[in-house]
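Here is what Swiss-Prot records for this protein:
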- Asp271, Asp273, Asp275, Tyr277, Glu282: Ca(2+) binding site (BINDING)
- Cys69-Cys80: disulfide bond (DISULFID)
- Cys74-Cys90: disulfide bond (DISULFID)
- Cys92-Cys127: disulfide bond (DISULFID)
- Cys98-Cys120: disulfide bond (DISULFID)
- Cys109-Cys146: disulfide bond (DISULFID)
- Cys152-Cys262: disulfide bond (DISULFID)
- Cys270-Cys286: disulfide bond (DISULFID)
- 68-90: domain 'Follistatin-like' (DOMAIN)
- 86-148: domain 'Kazal-like' (DOMAIN)
- 258-293: domain 'EF-hand' (DOMAIN)
- Asn113: N-linked glycosylation site (CARBOHYD)
- 1-17: signal peptide (SIGNAL)
Amino acid sequence: MRAWIFFLLCLAGKALAAPQQEALPDETEVVEETVAEVPVGANPVQVEVGEFDDGAEEAEEEVVAENPCQNHHCKHGKVCELDENNSPMCVCQDPTSCPAPIGEFEKVCSNDNKTFDSSCHFFATKCTLEGTKKGHKLHLDYIGPCKYIPPCLDSELTEFPLRMRDWLKNVLVTLYERDENNNLLTEKQKLRVKKIHENEKRLEAGDHPVELLARDFEKNYNMYIFPVHWQFGQLDQHPIDGYLSHTELAPLRAPLIPMEHCTTRFFQTCDLDNDKYIALDEWAGCFGIKEQDIDKDLVI
């Protein structure tokens, strides 16, 4: 369970970068986008340059003018280059130009069961296959080297949301405890989580049996309503439209699969109308939230 919390803390940034909106995959298709890019804040080290301020600004302007690619965004697998008119354009990255992996944790597994040294190597390779049938079918399945993922049994599927709900609640509480000046949560979110944090009946984080998790959900149902809505809002970013595509699910799904083999099947069953998107009511219903308690105003 602690490992679960670690992963979502790494993914809790609001900017879950995904360059395009894609529907949920069919049962044989998996996530294309993965790990989100957390927005970089201001440099905490502020250097006073005094009379050199103007010169520094001029130098910065010159650098920007000489490098049109500096603020030109390219999606995963592509890099910026200048054309004959000195205009920025995105081209496929050479996989051999990707940084050498530091360790096993950087490796990723594709849906054709091939391990890539890093997500950079995967997306660069996929880009070179753009326009081909193979490239269209190639997707990133999960984070980590390829391994055997056992099928998800019906009995196991019913247990998945029990752990997931408890995890979401614990992640929010952890973010609240660590927030202070880190801006991990908005003020509105803090007010909601504060009530959960101060509730004496709250089940502390731990590796609890599913029977205990089920009883706690029944007894302390109200504690779980906001965490489920909060996670939906964290994922619904590209665009913010009240629906989750498989691209938007990727930052949550990809790290979970090696630990929770029912992840893919769970998200597939959430799509009740099979339109390849998960709406808020479908998402909340998957976690046992009652229809009368589903409120888009809680997605804050």
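Including glycine, each Cβ sits where the backbone N, Cα and C put it.
Over all protein chains present, the Cβ of Cys90 (disulfide bond) has 17 other Cβ atoms lying within 10 Å. With a 10 A radius on its CB, Cys98 (disulfide bond) counts 18 other CB atoms from all the protein chains. Counting only the Cα atoms, the space from Cys152 (disulfide bond) to Asn113 (N-linked glycosylation site) is about 18 angstrom.
When the disulfide-bonded residues Cys74, Cys98, Cys109, Cys120, Cys286 are ranked by how far their Cα is from the Cα of Asp273 (Ca(2+) binding site), Cys286 comes first. Under a cutoff of 8 A between CB atoms, and with a sequence separation of 6+ in the same chain, the neighbours of Cys146 (disulfide bond) are Cys109, Ser110, Asn113, Lys114, Thr115. Close to Cys74 (disulfide bond), meaning Cα to Cα within 10 A, are the following recorded positions out of Cys80, Cys98, Cys120, Asp271: Cys80.
Of Asp271, Asp275, Tyr277, Glu282, all annotated as binding-site residues, the residue with the shortest Cα distance to Cys98 (disulfide bond) is Tyr277. The two recorded residues, Cys80 (disulfide bond) and Asp271 (Ca(2+) binding site), have Cα atoms 37 Å apart. Across the structure, Asp271 (Ca(2+) binding site) and Cys286 (disulfide bond) are spaced 9 Å apart at their Cα atoms.
Classification of Cys127 (disulfide bond) by DSSP places it within a helix. Each residue contributes its Cα atom, and for Cys270 (disulfide bond) and Cys127 (disulfide bond) these two points are 30 Å apart.
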